[in-house]
Amino acid sequence: MSDRQAALDMALKQIEKQFGKGSIMKLGEQTDTRISTVPSGSLALDTALGIGGYPRGRIIEVYGPESSGKTTVALHAIAEVQQQGGQAAFIDAEHALDPVYAQKLGVNIDELLLSQPDTGEQALEIAEALVRSGAVDIVVIDSVAALVPKAEIEGDMGDSHVGLQARLMSQALRKLSGAINKSKTIAIFINQIREKVGVMFGNPETTPGGRALKFYSSVRLEVRRAEQLKQGNDIMGNKTRIKVVKNKVAPPFRIAEVDIMYGEGISKEGEIIDLGSELDIVQKSGAWYSYQEERLGQGRENAKQFLKENKDILLMIQEQIREHYGLDTNGVKAPEDEEGQEELEF
């Protein structure tokens, strides 16, 4: 053994003695290097994300204009986590969560942890406590724009508080990022958009809360309404475009188009028809849609209704789409920790 190797071994032993076993290791020594995921609740979004869902132990930012479907996207993720037996928490800084709508999306509201904090500091401290417990699989913060610093709440209306929220987010994310990775918790931050004053060229839109969230996020999703979905003169929902603006775990800039129906959330039938047609799993002849020898219906809405009534055919098409994109049909679960759900050491 060379002197350099002996010196390195001694340094590694010293680090492990001081900071604990596993504090430093060779990258190839990790037992499972695959990124563990949770399905997003939308097959189109799972394929756009490139790994079959949201990566565990990472920060996700979902932003877009008002009423574009940001909270709907987050609630679908909560429903998926709960279906896998996981624990979910929703920090409602906007004080606007509709439990009836959440239930319609498949969220078990009896098991969902809900907090409606008074200040931004309180919201982020609650989020940190939940993450550090190691017992929560997903935490949703709705929204960053509503995380008002305590100094601003206690001050007068006209007072200037320049950069307070950005400083709060920067400090919180420095503390949270390591804990989120260690506990394998998915942290979804919902954000609004603002317009910068005096921008003549380029995109004037920005997100509140400073730049820290942009840096710490592994995935950033931009949610926008593309068009209204009508049945006769009645508006039934919106065609929504979700763009993966940033992705550290797969190639970015992919786009998922989904139907968000009022009172129902993301239409699984709509995205199955669209993805199936793209891959020629579902055949389209004129206005008719068919699968193998089975006619699904004339027109997209009739085909959606047929799949809603015939779940076995829906699941068969879904499985073929997942196989084509190399996605796990059941979603990938995080490896079980030997210590179970005991509080993590940080």
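Positions of Cβ are set from backbone N, Cα and C atoms, glycine also.
Neighbour list (Pro65 (ATP binding site), Cβ cut-off 8 Å, at least 6 residues apart, same chain): Gln192, Ile193, Arg224, Arg225. In three-state terms derived from DSSP, Pro65 (ATP binding site) belongs to neither a helical nor a strand segment and is classed as coil. Residues annotated as ATP binding site in Swiss-Prot, with sequence analysis given as evidence: Gly64, Pro65, Glu66, Ser67, Ser68, Gly69, Lys70, Thr71.
Around Glu66 (ATP binding site), the same-chain residues at least 6 positions away in sequence with a Cβ under 8 Å from its Cβ are Gln192. Neighbour count (other Cβ atoms within 10 Å of the Cβ, all protein chains): 24 for Gly69 (ATP binding site). Excluding the listed site residues Gly64, Pro65, Glu66, Ser67, Ser68, Gly69, Lys70, Thr71, the same chain places Val223, Arg224, Arg225 with Cβ atoms within 8 Å of the centre of the ATP site Cβ atoms. With the fewest other Cβ atoms inside 10 Å of its Cβ, the least crowded of the binding-site residues Gly64, Ser67, Ser68, Lys70, Thr71 in this structure is Ser67.
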